[in-house]
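Chemist: Questions regarding the structure given below will be posed in turn.
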Amino acid sequence: MNWIFHKYGWFLKSILAIEVLVISLMIFENAIIIYIPFILGNILDSILNGTLTTNSLKLETTKIITLSFILFLISFIWGKYLFRNSILLEKLLKGKFNKFVLSRDLHFFNKNKSGDLLTNLNNDTQSISHIMGEGILSVNNIMITTPMYIFAMIYFVDWRLTLVSLIPLPLIAISIHYLGKLINKRASSMFQSFGKMNNHIVDSITGMKVIRSTVNEEKNIDAFRHVSYEVAKENKKLSLINAMFWPSISIIMGVSLAISLIYGTYLIINGTITIGELVTFTFYQAQLSFPMFAFGSLVNTLQSAKASDDRMDQVYQQSYNNENDNKEIRNLNQVQSINFNNLTFNYPSNNTTVLKDISFKILEGDMIGIVGKTGSGKSTLLQLLLKSYSDPANNILVSGIPINEIPISNYLELIGYVPQDHILFSGSIEDNLKYANGKANQEELISVLKLVCLWDEIMFMDQGLRTLIGERGTKLSGGQQQRLSIARALLKDPELLLLDDPLSAVDIHTAEQIINNLKKYRQGKTTILCTHRMEILEDADKIFVLDNGEIIEKGSHLELLNQEGWYMQQYMKQKLQNKLLNFEDKEF
Ligand code: ADP
């Protein structure tokens, strides 16, 4: 219980006024519920004594009906306010988790699967928020209803009968304790299997094209059947315990009722209580089963919430690697220079060194090319510049400031990035472009589309800029998708533009044209372009050749050709291939 006050005390404080209102209404409600059996007991005794008149019967029944209406109103009002709290907490928890996840670095996403994060976001937040709805209701039930009924049993009937009827109740606490532990265990397994099912769904939807092209639909359906069967199995186990929970409490309540009936009859024979009083007492006793159930429900709610809170804590405890909070934070307005000083990097999941002793300097306005074989470390280098992974030794400096000391939001504002697997959203071409700059006008949109040689194609589409591009841009060709991604990054007019092999699906002439446009348009601003196409780098200010994480050659295009190394060989090979292709095109 302590963990709730420790972690959610702030929320409980904020709903204190509502809680006071709910408690007052519940006290009033219980007083009415206690009064109704008292009326019934009196009517019964009057019947047995022969003192009941038509008028008194009318009066008492009118009282009961009026009180029932008042009861309806009271429970409607407290129910409305109480469950609003749990909805509000769920919303806050979801918002906090979403913000946390969105500000993580890539290590986090390498470690946590999307399906598990979805389970945290949907199920765990809901399960925790139940504390503020069902949980508070149960606590109120236990704290208000129990003492009020025990008082009514003693005051209106008999203290000895009350004491005897309460004897079996500790058994309830014992069974709740053991069953509660089991519920916690089963709820954890259920959520885990739920997470696996979510992972499978995310993988299947995102990989649908591959599944189809490799004719793996049946296999995928079978795999889903398996994970959903696991969820159903875990759910069944959980509902079995839940199903045992309530009947066990009912049995104990039944025993308690039987004991009080036997002892109550003895007290009637003795003349200590009347028949009407015993009837009133059994009503109270039946009502007392609600707080007992509430106790069970509270244990249930708390156990599930604790399991969910622990799971979310495991995610929250994964620290943020991008920014060292202890260090001074410095804002940046311009990218005047970029320095890599003896940077060595390896992914934690993979012990091999991906980048080795990388050192170079880039000046404002440079267009830099980075080339190398697949797996040589080009994308990793860009990811480090994007602060996607921490640079533990402060080997990367932007405008002379260690990258770890620049706040990520400020830093990313200055950067435009086009990833290898260009990401587009369902919506129109305009929506996708405006994702980078919502304020851009029509001319600005057209101007960036012209820079990437895409406007001529869009112009002839039925809806022009309003053309819907389908989920992840599937209605566009690969080359169009790539060019739209570059146009989006350009719309931000970033200080530093990072392009990760962005023109692989575009023909060489168009690619060359785009690079020329970029060079002219981005004068004074820095661009880093990773590519395996050397021809488009002829005008680059500097080119770095990476091999196995090391810079093996560097210089301008002409300098590299003169070095007669890997760059020169690849360049010649590509030139020859393009000539052959051109020749074949002409022949046909
Ligand atoms: P390139 O962009 O030149 O093709 P990458 O930077 O993508 O090269 O990859 C360099 C090396 O780092 C490869 O050996 C690759 O397997 C490894 N690598 C890339 N991403 C990860 C990751 N998230 N976790 C572990 N290793 C990775």
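Just so you know, glycine gets a Cβ as well, placed from its N, Cα and C.
Below are the features I grabbed from TrEMBL:
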- 20-304: domain 'ABC transmembrane type-1' (DOMAIN)
- 338-573: domain 'ABC transporter' (DOMAIN)
- 20-44: transmembrane segment (TRANSMEM)
- 64-83: transmembrane segment (TRANSMEM)
- 136-157: transmembrane segment (TRANSMEM)
- 163-180: transmembrane segment (TRANSMEM)
- 243-269: transmembrane segment (TRANSMEM)
Chemist: Residue list, the transmembrane segment (64-83) vs rest of chain: Cβ under 8 Å, 6 or more residues beyond ends.
Modeler: 18, 21-22, 25-26, 28-29, 32-33, 35-36, 39-40, 133, 136-137
Chemist: Cβ under 8 Å, sequence separation of at least 6 from the ends of the transmembrane segment (136-157): give me the contacting residues as numbers and ranges.
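Modeler: Contacts with the transmembrane segment (136-157): 19, 22-23, 26-27, 30-31, 34, 38, 41, 82, 85, 165-166, 273, 277-278, 280-281, 284-285, 287-288, 290-291, 294-295, 297-298, 301.
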Chemist: When the pLDDT values for the domain 'ABC transporter' (338-573) are averaged, what is the result?
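Modeler: Mean pLDDT, the domain 'ABC transporter' (338-573): 87.
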